[in-house]
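**Q** Structure in structure tokens, see below.
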């Protein structure tokens, strides 16, 4: 699978690059960002995947989160894909900001007209890691996953659905119980159809309740002044209730909202959390 270099910038001693490729899962051209730390010039490195939220592309994280300094320090390759297929000419794909373009929700759609292209779950868990491992100096046995909002939902479900695949998982302000919130209900109805039992496969709170894989240390960071927390879109308490007996930690930060200012403030804590497991 050929990669086309879109951009390359020296950053924190390494390189922040963006590539484009033809995706077999999504049947369209896709971009992803990859940060190569200085260590990648001489050694194989573990990989942290970052999944972004609604309306984002691969650019938001690499320009706003400040992840490169921590990734350089700990020798971690950071991969940030786009959030949905682009330009598939599906009727209605650009009609709303929380469904269609920029809002893939990290599911494999089963409904027309979305099911051909909207397979972000398969893209993130299968196609993209194969592509990264084939083209960059990775240690394929050491990968982790993180994300924000819709991408936090994506990161947690990827870890829970694939026991042992990811060494660590973290999320900023994730959509924790999408079956019970307006964003999730809209997305799941459109992509997965009206049968709510099919939605359970992509709901972190449901998945955590039946998780029986190896011990998973999930770091969830939530700002108390997050407007979407108060709008009942994120519902972390539902996930916390399920996870309490599994000793999954959740950190609330006073005074922070839903923006990248929050992510920037604590990105280094998350990189350290991942490094603890990736570099063990």
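Backbone N, Cα and C define each Cβ position, glycine as well.
As the structure is a computational prediction, the values presented were derived from the model and not from experiment.
Sharing the record's features from TrEMBL:
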- 149: active site, charge relay system (ACT_SITE)
- 226: active site, charge relay system (ACT_SITE)
- 258: active site, charge relay system (ACT_SITE)
**Q** Let's check the environment of residue 258 (active site, charge relay system): how many other CB atoms sit within 10 Å of its CB?
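**A** Around residue 258 (active site, charge relay system), other Cβ atoms within 10 Å: 22.
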**Q** I'm trying to understand the geometry here, so how far is the Cα atom of residue 226 (active site, charge relay system) from the Cα atom of residue 258 (active site, charge relay system), in Å to the nearest whole number?
**A** 5
**Q** Which chain-mates of residue 149 (active site, charge relay system) that are at least 6 residues away have a CB under 8 A from its CB, listed by sequence?
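**A** For residue 149 (active site, charge relay system), the qualifying residues are 53, 54, 172, 173, 174, 175, 228, 234, 258.
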